[in-house]
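Novice: Quick paste of what TrEMBL says about this protein:
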- Asp81: active site, proton acceptor (ACT_SITE)
- Asp218: active site, proton donor (ACT_SITE)
- Ser54, His113, Gly189, Phe190, Gly191, Gly192, Gly220, Gly240, Thr241: substrate binding site (BINDING)
- His79, Asp81, His113, Asp218: divalent metal cation binding site (BINDING)
Amino acid sequence: MASVSVVKVTKSSVRKRIVSGKTKYCGLTSKEEGATEAATMSGHTLPCCKIGPSILCADLSCLADECRKMIHSGADYLHLDVMDGHFVPNLTFGHPIVKCLRPKMPDIYFDMHMMVQNPEKWVESMADAGANQYTFHIEACEDIPALCRKIQESGMRVGVGLKPGTPVETILPYSDLFDVVLIMTVEPGFGGQSFMEDMMSKVQYLRTNFPYLDIEVDGGVGPNTIDAVAEAGANMIVSGTAITGASDPSQVIALLRNSVENAIQKSQLER
């Protein structure tokens with residue numbers, strides 16, 4: 001039988017249950033889940049490894065089943081790419097899909113990657129649909145502090161994404177407003193691009209200067225590139241076809257996790 005421990009979260013006075021090493025939030029609304037996650041992850045705890053398959057690369061004709069398959073294969077969260085045809089040239093899905101998925105998987109963490117113009121427009125809709133994390137692109141936002149406050153007040157974690165051409169220094173004036181920084185290792189909007197290893201200098205900079213920050217990497221990440229990502233210091237790993245297209249997704253997820261956890265352990269020993 002799995003051991004169960006309960007800890008108090010001071011910000012939201014709700015309880016977090018840890019079962020077999022995985023975090024589950026019990027009896028909470030999606031907004032409370034987001035607030036709880038923000039409270040626990042913004043403390044002085046070194047970030048842990050989290051693997052998030054990109055469901056855009058899955059079979060969208062049976063999306064709920066594909067999402068369940070990813071979680072059963074060992075994924076920690078699901079990464080949902082929202083594209084509006086303006087910020088990026090492609091068009092995907094929006095909050096109605098999230099709202100349909102949420103009742104079918106009430107305990108799963110939804111990380112919304114908002115590749116959209118005017119990202120402030122969709123905060124309330126995504127929160128109401130059940131999203132847990134709202135990651136906007138800094139290139140699409142004019143009033144960053146106001147948007148971060150709006151996301152926080154909605155109960156979601158705040159993520160900010162940087163396109164490959166955006167210097168990491170761009171986010172420094174606002175670093176205390178984010179829970180997650182997403183470093184894109186491909187140009188956003190298209191699948192199947194080659195991994196840009198030179199983006200790892202951004203990850204290294206962030207890990208050195210913000211040791212408690214969740215750093216997410218998205219784009220071309222798989223078994224052949226994970227070591228570079230892990231050694232640079234990323235702990236949230238988005239992977240698309242490498243996982244969803246694998247004959248055994250659980251094996252790929254385990255390989256990615258092993259690389260990241262080994263890198264985290266090594267970095268802790270070197271401190």
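Including glycine, each Cβ sits where the backbone N, Cα and C put it.
As the structure is a computational prediction, the values presented were derived from the model and not from experiment.
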Novice: Taking the Cα of Asp81 (active site, proton acceptor) as the centre, which of the binding-site residues listed as Ser54, His113, Gly189, Gly220, Thr241 lie within 10 Å of it?
Specialist: Ser54, His113, Gly189
Novice: Can you give me the same-chain residues 6 or more apart in sequence from Gly189 (substrate binding site) with a CB-CB distance under 8 Å?
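Specialist: The answer is Met83, Phe87, Val88, Pro89, Asn90, Met115.
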Novice: Within the same chain, and leaving aside His79, Asp81, His113, Asp218, name every residue whose CB is within 8 angstroms of the centroid of the CB atoms belonging to the recorded divalent metal cation site, in sequence order.
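Specialist: My list of surrounding residues reads Gly52, Ser54, Leu56, Leu80, Asp111, Thr135, Leu182, Val238.
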Novice: Please report the number of other Cβ atoms within 10 Å of the Cβ of His113 (divalent metal cation binding site).
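Specialist: A 10 Å sphere around the Cβ of His113 (divalent metal cation binding site) contains 27 other Cβ atoms.
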Novice: If you count Cβ atoms within 10 Å of the Cβ of Ser54 (substrate binding site), leaving out that atom itself, what do you get?
Specialist: 24
Novice: Using a 10 Å radius around its CB, how many other CB atoms surround His79 (divalent metal cation binding site)?
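Specialist: His79 (divalent metal cation binding site) is surrounded by 28 other Cβ atoms within 10 Å.
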Novice: Say you check the Cα of His79 (divalent metal cation binding site) against those of the recorded positions Ser54, Asp218, Gly220, Thr241; which is nearest?
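Specialist: Ranked by Cα distance from His79 (divalent metal cation binding site), first place goes to Ser54.
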